[in-house]
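J.: Sharing the features that TrEMBL gives for it:
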| type | residues | note |
| --- | --- | --- |
| DOMAIN | 9-129 | domain 'Sodium/calcium exchanger membrane region' |
| DOMAIN | 192-338 | domain 'Sodium/calcium exchanger membrane region' |
| TRANSMEM | 6-24 | transmembrane segment |
| TRANSMEM | 44-72 | transmembrane segment |
| TRANSMEM | 109-128 | transmembrane segment |
| TRANSMEM | 140-157 | transmembrane segment |
| TRANSMEM | 190-213 | transmembrane segment |
| TRANSMEM | 225-247 | transmembrane segment |
| TRANSMEM | 259-283 | transmembrane segment |
| TRANSMEM | 289-309 | transmembrane segment |
| TRANSMEM | 321-340 | transmembrane segment |
Amino acid sequence: MSTLPLPVLILLFCLAAGAVWWAGTRLPRYVVSLSDKTGLGQGFAGMLVLGGITSLPELATATTAAAIGAPLLAMNDVLGSAAFNVLLLAMADMLLGPRPLTSVVARPVTLIQGVSGMMVLALIIAAITADGRAPLAAPYVWPIIIFLAALTSIRIADRAERRPMWQVVDQPERAFAEAAKHSDIGWRRLSLWLAILALIILAAGAILAATATQIAGRTGIGGSLMGFLFVSAATSLPEFSAIIGAIRNKRYELAIGEVFGSNLFNFALILVIDLVSSGAPILERAGAFEAMAALLALLMSGVFVLGLVERRDRTIFRMGEDSLAVLLLYAVGLAFLLGVSPTL
């Protein structure tokens, strides 16, 4: 792909983006049907199924970049996607209308997903700042801890979905969701369509990541910033289309669960990056840029979790106060990252 002219790369990028958008906007319908058939809640189904499928481009990008000797690009794709996914949730909030997204979702599982993601991000920051020093200096120790923390978070979310510890009395999302009725889909058709859409997202997502890397690389942008900004934006297109599809179908818990779940799956990829790449452990190579990127994703997630707790119904520019804060935080964080980027 490195031999292709720039116009062809841009055309491939646009075609792949269109394929991802088409598949991503159709995914929520089938995930909701799967949730209804299996008894999984919307939040957990969004995290496990929708989040897992939309994380396939990150898996393809991470393994490819690590294998060709660019593990930091893969690492920053993971961290950039974590921040960008929350940003997409804030942008999608404008589609909801008169009420903020966080005001119509009130279930324990969504809070658990958000807090769990923040805790895993804190582990990533700790691993980067430890810089290979004892007592966790052995190879793969930090990536294994992060991987297990992500899996444990998914398990805890499953338990919370099946046995909720508390329930909010006023849950407007239930009334909204009643308006979104889908026809019953048979198991055979459901499985077939989920597989087809997943394959489309995986293939098109890999093309997105490859073309974005080439397009951004020809501008002379450094690998860290390129992974955080350009490649993460490209590989987050499946999440954005799935979020839009879920909100249009009034499946708000599915949208938030998709973002937090996708982030947890992406964090688990750090172990994969370390196993595939050669040389020093990836978290020892990471520096100030990666630590700042993880901190930005943590802060943005924290703002949304706070919004889920407060459930304010005030909007500014057709979005909740928390969504506006996330947009501003991302802009400020990006300015800081530009300042600490190794090369521009």
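Easy rule for this one: first residue shown is 1, then count along the chain.
Yeah, the Cβs are placed from backbone N, Cα and C, and that goes for glycine too.
Curation does not apply to TrEMBL; its annotations are automatic.
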J.: Hey, would you say the transmembrane segment (190-213) packs against the transmembrane segment (6-24), going by three or more CB pairs under 8 A that are 6+ residues apart?
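T.: By the criterion, they touch.
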J.: Using a cut-off of under 8 Å between C-beta atoms, tell me which stretch among 109-128, 225-247, 259-283, 289-309 contacts the transmembrane segment (44-72) the most.
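T.: Against the transmembrane segment (44-72), the leading stretch is 259-283.
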J.: May I ask you to check whether the transmembrane segment (259-283) and the transmembrane segment (321-340) make contact, with contact taken as at least three Cβ pairs under 8 Å and only pairs 6 or more apart in sequence counted?
T.: no
J.: For the domain 'Sodium/calcium exchanger membrane region' (192-338), give the DSSP counts of helix residues, strand residues and coil residues.
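T.: The domain 'Sodium/calcium exchanger membrane region' (192-338) comes out at 121 helix, 4 strand, 22 coil.
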J.: Provide the three-state DSSP residue tally for the domain 'Sodium/calcium exchanger membrane region' (9-129): helix first, then strand, then coil.
T.: 105 helix, 0 strand, 16 coil
